Amino acid sequence: MQSLNPKKQVTVIGAGISGLTTAVLLQEQYNVRIVSRERPGELKDGYTSPWAGAHWRSHAELDDILRQGLEKETFIHFWDLAHTKPSETGIMIVDGLDYWDENPPLEWNEPWFKDLCPEYRHLTKDELPTDVEFGIKFKTVTINPPKYLSYLLDRFYALGGIFIRITLSHIQDAIFDNTDIVINCSGLGSKTLGGVQDQDVCPASGQTVLVQLPIGHVNWTFSRYAFGDLNKIYNFVGPQDKEELKGKGKIINYVIPRDNGEVVLGGTYDLHNSSTTPDAKIADTIIARCLSTRPDLLPKGETKLKIIRHGVGLRPVRKNGIRIEAEWILSEKTGEKILLCHNYGHGGFGFQSSYGASMRVVQTLKQSLSEGQGQNSNIYEKI
């Protein structure tokens with residue numbers, strides 16, 4: 001006998017961290033298919049998630065309560081997985097360290113997460129690296145992106161989800177004969193995807209160096225900031241190289257370990273740059289500054305880091321922030337109204353907001369279904 005209330009048929013566009021997380025949560029209640037140009041596990045230009053660091057370190061402003069909420073939910077979720085499923089998810093607990101070359105740092109305020117992350121405190125002078133004037137320490141998590149994406153895909157399949165490999169040119173291409181709902185998690189693709197074409201979306205390239213170290217050798221992650229004097233960032237290159245590098249975006253520094261001994265060294269932030277070609281001089285600068293900050297990155301007796309690969313990822317930045325919004329559109333195939341929900345524009349913080357943002361998508365979807373086809377829901381439009 002056919003059910004009187006058949007499950008809604010949902011299409012999720014994108015198999016990055018946003019698409020997979022949203023698909024898993026929705027598959028628990030609906031029939032979901034993911035449509036994507038890439039498959040989790042592939043390293044391809046424009047497919048952001050596999051190139052990510054990734055760790056949890058919020059930069060939400062003190063008055064940005066909505067984004068704080070997304071990242072808090074995600075932290076709690078990751079913290080639980082790090083305790084219950086570390087080998088499956090690639091999530092591990094480490095010491096988080098923030099270093100500033102100035103004391104006090106520019107426009108310093110205690111971060112909002114000081115009461116969320118365990119063991120938050122200021123570093124003492126003797127704990128600070130050379131040329132670092134101020135720092136904080138707290139417990140956080142790092143994520144092995146390939147492993148975590150595979151974990152989500154496996155969960156999705158176990159719940160009965162379907163994956164279709166396809167390249168879309170228009171949002172209408174994601175509407176199949178029985179589709180009721182479309183979730184747009186296309187990231188950078190939202191700039192060119194027909195029916196969306198959000199011109200507030202742009203790439204911010206980030207160059208990294210992936211190195212191999214003994215498992216467990218690095219049980220901390222750090223970010224180093226030098227807002228006052230950019231010469232401090234470029235002091236590992238010659239004067240001629242310095243001017244050349246300055247034209248290629250800001251070099252920032254971080255070290256993010258993974259559970260398999262891989263360690264990500266970064267990085268750069270170059271807004272509106274879509275090139276994915278690594279720059280050898282920038283790579284040398286990244287390595288030198290990371291080693292200068294934490295010489296213990298290099299194991300005793302070793303003289304050189306073992307480089308696995310150089311990479312450049314493209315962060316899906318959106319001028320007006322994350323877009324979590326629902327609207328009703330007409331299917332060109334059937335003439336029926338389709339609920340379209342968006343979840344993109346996470347910039348370089350896709351992993352650390354992924355679970356919270358996907359939960360908001362589910363809430364927004366349900367609210368729109370309950371309100372009916374006459375209204376669009378944009379209460380979470382800017383986050």
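Every residue number used here counts from 1 along the chain in the order it is shown.
Keep in mind that glycine also has a Cβ here, set from the backbone N, Cα and C atoms.
The annotation FAD binding site is assigned in TrEMBL to Thr48, Ser49. Feature annotation from TrEMBL assigns D-dopa binding site to Tyr254, Arg315, Gly348. Marked as domain 'FAD dependent oxidoreductase' by TrEMBL: 10-361.
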List the same-chain residues at least 6 positions away in sequence whose Cβ sits under 8 Å from the Cβ of Ser49 (FAD binding site), in sequence order, or say none.
Gly16, Ile17, Pro40, Pro145, Leu149, Gly350, Phe351
Around the D-dopa site formed by Tyr254, Arg315, Gly348, which additional residues qualify by having Cβ within 8 Å of the site's Cβ center?
Ala52, Gly53, Ala204, Gly206, Ile252, Gly266, Gly267, Tyr269, Gly313, Gly347, Phe349
Specify the nearest of the binding-site residues Tyr254, Arg315, Gly348 to Thr48 (FAD binding site), where nearness means the distance between Cα atoms.
Arg315
Taking only same-chain residues 6+ apart in sequence, whose CB is under 8 Å from that of Tyr254 (D-dopa binding site), what do you get?
Gly53, Thr221, Phe222, Ser223, Arg224, Val264, Leu265, Gly266, Gly267, Cys290
Pairwise C-alpha maximum, in angstrom, for the residues (Tyr254, Arg315, Gly348) that bind D-dopa according to the record:
16
Please work out the mean pLDDT for the residues of the domain 'FAD dependent oxidoreductase' (10-361).
92
Largest tally of Cβ atoms lying within 10 Å of a Cβ, found at which of the binding-site residues Thr48, Arg315, Gly348:
Thr48
